[in-house]
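Pulled from Swiss-Prot, these are the features on record:
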BINDING   ARG129, ARG169, GLY175, GLY176, LYS208, ILE210, GLU215, GLY241, VAL242, HIS243, GLN284, GLU298  ATP 1 binding site
BINDING   GLN284, GLU298  Mn(2+) 1 binding site
BINDING   GLN284, GLU298  Mg(2+) 1 binding site
BINDING   GLU298, ASN300  Mn(2+) 2 binding site
BINDING   GLU298, ASN300  Mg(2+) 2 binding site
BINDING   ARG707, ARG746, GLU752, GLY777, VAL778, HIS779, SER780, GLN820, GLU832  ATP 2 binding site
BINDING   GLN820, GLU832  Mg(2+) 3 binding site
BINDING   GLN820, GLU832  Mn(2+) 3 binding site
BINDING   GLU832, ASN834  Mg(2+) 4 binding site
BINDING   GLU832, ASN834  Mn(2+) 4 binding site
DOMAIN    133-327  domain 'ATP-grasp 1'
DOMAIN    671-861  domain 'ATP-grasp 2'
DOMAIN    930-1072  domain 'MGS-like'
REGION    1-401  region 'Carboxyphosphate synthetic domain'
REGION    547-929  region 'Carbamoyl phosphate synthetic domain'
REGION    930-1072  region 'Allosteric domain'
Amino acid sequence: MPKRLDINTILVIGSGPIVIGQAAEFDYSGTQACQSLKEEGYKVILVNSNPATIMTDTATADKVYIEPLTLEFVSRIIRKERPDAILPTLGGQTGLNMAVELAKSGVLDECGVEILGTKLSAIEQAEDRDLFRTLMQDLNEPTPPSEIIHNLDEAYGFVNEIGYPVIVRPAFTLGGTGGGICHNEEELIEIVTSGLKHSPVTQCLLEKSIAGCKEIEYEVMRDSNDNAIVVCNMENIDPVGVHTGDSIVVAPSQTLSDREYQMLRNTSLRIIRALGIEGGCNVQLALDPYSFQYYVIEVNPRVSRSSALASKATGYPIAKLAAKIAVGLTLDEIVNPVTQKTYACFEPALDYVVSKIPRWPFDKFESANRTLGTQMKATGEVMSIGRNLEESLLKAVRSLELGIYHLELDHLKELDKETMKKRIIKADDERLFIVAEAIRQGVTKEEINEWCEMDFFFLQKVENIVNMEREVKANVGNMEVLQTAKEMGFSDHYIAAAWNKTEREIYDMRKENNMMPVFKMVDTCAAEFESATPYYYSTYADENESIVTDRKSVVVLGSGPIRIGQGVEFDYATVHSVWAIKEAGYEAIIINNNPETVSTDFSISDKLYFEPLTIEDVMHIIDLEKPEGVIVQFGGQTAINLAAKLEEHGVKILGTSLEDLDRAEDRDKFEAALTKLGIPQPVGKTATTVEQAVAIAEEIGYPVLVRPSYVLGGRAMEIVYRQEELLHYMKNAVKVHADHPVLIDRYMVGKEIEVDAISDGENVFIPGIMEHIERAGVHSGDSIGVYPPQSLSEKLKEQIIEHTIALGKGLNIVGLLNIQFVVFKDQVYVIEVNPRASRTVPFLSKITGVPMANVATKVILGQDLVEQGYGTGYHPEEKEVYVKAPVFSFAKLRSVDTTLGPEMKSTGEVMGKDLTLEKALYKGLVASGINIPTHGSVIITVADKDKEEAMEIAKRFHEIGYNLLATAGTAQSLEEQNIPVQVVNKIDSEDYNLLDIIRQGKAQFVINTLTKGKQPARDGFRIRRESVENGVACLTSLDTTRAILRVLESMTFSAHSMKEITQTKRHEVVHA
């Protein structure tokens, strides 16, 4: 049926900040949906709290609201805008939960708003574990034996009947939050308690564990006419028991017989029809490898992480079509945008293999528990495409950017068989590498299958790779062996090491022998129809399908997988850069490997290469395309790290030159440049040995800030207060030597300021200056940022502007630069300069209306700032106040300390904007998930060095009517200041103690700045973790606490007796 004409305005709900379980895939689906609805002539209103997205650009929708995704704010927008309908199914779990909340509150009925796409009843049937189980029983679809529970007693009842292990799945949660597998009573108590807490309806499904079955996913679409198709089916290499977001996934499925494939396909279609879903939907199934017995695990009645992967794997744009279906169009009316000839009701066919490997944050969090289970832990993922599974897997491995070029890790070589067995049974992020190591050491496929039930087909593929390694090592210099190895996806890096040559020598050897890859097109139809998409992958085959045009081209390097420190902000900059290249009349080519992002949507660039970002893979494309040059500024550290190698290959780096990039990153050169420019910086030196480090720290004086050079996201950065901590750091955090020096700086406790600027070498334009609420020492990505700065004097601002202009010109920056300053005793010091796009580019671009990545790209391509209408100087400040607040995923990562410091820990960000700082802060904090009740209790436990400062904070909490709780030491200090306080027992007390108060929800805030110590056993760590597990705001910085107090004070009316008021007035007269 044709599209609906009875609705005009549609409100699209975004997915909010990036957290583990909900990453950039919703920026991609939301952006697609908004464009798709606008194409059909609807007025689109978007609400989302995440400023780092393409989706929240003003051009994406007719009206964009960057506001908290809470009932209070979304209801306000609905009442103001009066949309005819809302579309929640493209905003992930956040969007779905919001729709349910809006419907229950009555605001949709009150304003006459209907829910498009998937009806509320279908959302509830799929998300509510009880209703879903009933529906499956009605359809005669098998589900594992299970029971809905609402408390621990009911859980015991089920386990007594069915036995361990059992899987706990909380209702209405994201990425398996709060769930897990229980093997014994202790785990049952812990996981069920946590699951009930995380479920908004206090409901969990307990099911008999079917771990060990194959996990298969079907991505299906259905329209209002009941046409339904399978877009893509995928198979998890890891059997059931590991969350699909943490599994290595291949598409299409590799081990299903036709009968199994058709059986599961029919089931998936039957379920989507029974639920009445209109749009995209993801069905997860478990298949017993030894019989035709299968189980339905769950259904996501929305666009999901898997649908982003399916879209990129097949080229079939699910979100775009789901939006069209939501407004009444049917699959046989929608033209497939890939072929532009066939209709969307054709099921895609693949003539290649796609692999997805998750990217975990364990390189950042050494203390995290690396075991994988039903609760997701990955922050992002990479995808690769090959003609065979071996090639596809090895390309994915080198896309992860962990410095790994092959399916082997040096530190696993020492493992004995028993350790390998344990780790393969348990499943962690290195399982596939351990499987390869076990095969190298002669463990049979039968044994490995017995340990982890990974299918023999996949084990055979790993064995093929291991056998090929032996061939390579035994046949040094043999061209035929080299050809076979390349067809299997082996990297030059690996072959060079085996043949004792350099990577460059192998590359040149292949070039001489015409052993270069060709590029194949992703066309959704296995080349049956001609395709109009410029979307390519490399492989070693005969025919090259990537036609080089005679237009001048520019290559942009993307930023790879989403991880802590390198989030969606860099993808935002990449996309804007590509658009600017097109506007300037060049052909824009993008190289990236992240299936979740907007940049890897084939409609963004003129050509998209889905490839690993390694020197070998990038050079293959450059050799073919021969571009004018490569832009590395927008791909975060990933792209910057490739610059030197590209230049060695004779490739032109556009924008800031390699020499100037190096001057900003290399400590000694940078110091020399600052001295020459007369710009002060904290005293600091470089150490290349442990002894040197100790001597430097003594000379500068503690506390010192230590870090390796060339890092992103403050990896392995620490503030050290005494010598033993320094020695611990030098031994455990870094391997120091001449090539990898460690920087040691005087740590200044001052106000941190961040500036983004654009320079063309002559002019330097500054769109905005941001002030951090947390003082220097907390990573800028984890600080609350405020624009415009609220407490800088005009004199300091002028100093900052002067320094920024001097640095832009003095370092010969062409393009973007980001500078971090610290204000200490009324003097401005430079902490660091990053000659590239920063995390704050999207935030400042949205606020100031200066499209920074676009302007910078045009500068890089030779159009100076004056030609573009900008000159040297500072952009006029906006009237409103904007706050950027960090969002953390601690609830998903047990045993990670939540204390903020110089190493970045947040996964995402939100924006709050309003007329005053307090209101903007309120929005930012609420959007980031912090509850701000106007009364209640606050627990204060602070280190001795913070006691004095904490007194003033405690007094203010008391003034607004908060009840203060503290352990003996802190309580004594409070009593001395005449501040009423209730003493609570320390956590090692057998009696009712501090942790019990947190567990029972009797504290609204916990302020905890306990002594530094990296061993998690410390008291402070336990207090902080308990707060996270129980959803209580735990503040580890007194600056953040002050910000929250400002908000609370602005929300509460003061209450003083008349006597108090007159007494203070009398004192004023006396002292006059």
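Backbone N, Cα and C atoms are what each Cβ position is placed from, and that goes for glycine too.
Here the features listed in Swiss-Prot are painted onto the structure.
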residue : record                : DSSP class
ARG129  : ATP 1 binding site    : helix
LYS208  : ATP 1 binding site    : strand
GLU215  : ATP 1 binding site    : strand
VAL242  : ATP 1 binding site    : coil
GLN284  : ATP 1 binding site    : strand
GLU298  : Mn(2+) 1 binding site : strand
GLU752  : ATP 2 binding site    : strand
VAL778  : ATP 2 binding site    : coil
GLN820  : Mg(2+) 3 binding site : strand
| Which residue counts does DSSP give the region 'Allosteric domain' (930-1072) for helix, strand and coil? | 69 helix, 22 strand, 52 coil
| message | Among residues ARG707, ARG746, GLU752, GLY777, VAL778, HIS779, SER780, GLN820, GLU832 annotated as binding ATP 2, what is the maximum Cα-Cα distance? Answer in Å. | response | 18
| Using C-alpha atoms, which one of the binding-site residues GLU752, GLU832, ASN834 comes nearest to GLU215 (ATP 1 binding site)? | ASN834
| remark: Least crowded of the binding-site residues GLU298, GLU752, counting other Cβ atoms within 10 Å of each Cβ, is GLU298
| field | Rounded inter-Cα distance in Å - GLN820 (Mg(2+) 3 binding site), GLU832 (ATP 2 binding site) | value | 5
| task | For ARG129 (ATP 1 binding site) and ARG707 (ATP 2 binding site), determine the Cα separation and express it in whole Å. | result | 48
| Using Cα coordinates, what distance in whole Å links ASN834 (Mg(2+) 4 binding site) and LYS208 (ATP 1 binding site)? | 52
| task | Name the one residue among LYS208, VAL242, GLN284 whose Cα is closest in three-dimensional space to that of GLU832 (ATP 2 binding site); these are the binding-site residues. | result | VAL242
| If you count other Cβ atoms within 10 Å of each one's Cβ, which of the binding-site residues ARG129, LYS208, ARG707 has the most? | ARG129
| message | Using a Cβ cut-off under 8 Å and a sequence separation of 6 or more, which residues in the same chain sit near VAL778 (ATP 2 binding site)? | response | GLU752, HIS772, LEU900, GLY901, PRO902, SER1037, ASP1039
| Relative to the Cβ of VAL242 (ATP 1 binding site), which residues of the same chain, six or more apart in sequence, are found under 8 Å away? | GLU215, ASN236, LEU372, GLY373, THR374, ALA427
| field | GLN284 (ATP 1 binding site) and ASN300 (Mn(2+) 2 binding site), distance between Cα atoms, whole Å | value | 8
| note | Cβ contacts within 10 Å for GLN284 (ATP 1 binding site), all chains included, total 20
| request: Looking only at C-alpha atoms, tell me how far ARG707 (ATP 2 binding site) is from GLN284 (ATP 1 binding site), rounded to the nearest Å. | output: 44
| Subset of binding-site residues (LYS208, GLN284, SER780) lying within 10 A of GLU298 (Mn(2+) 1 binding site), CA to CA, in sequence order | GLN284
| Under 8 Å by Cβ from SER780 (ATP 2 binding site), counting only residues of that chain that are 6 or more apart | GLU752, GLU754, HIS772, GLN820, ARG839, THR840
| remark: Around the Cβ of GLN820 (Mg(2+) 3 binding site), other Cβ atoms within 10 Å, all chains included, total 18
| Among the binding-site residues listed here, ASN300, ASN834, whose Cβ has the fewest other Cβ atoms inside 10 Å? | ASN834
| query | In the structure shown, with every protein chain counted, which of the binding-site residues GLU215, GLU832 has the densest set of Cβ atoms within 10 angstroms of its Cβ? | reply | GLU215
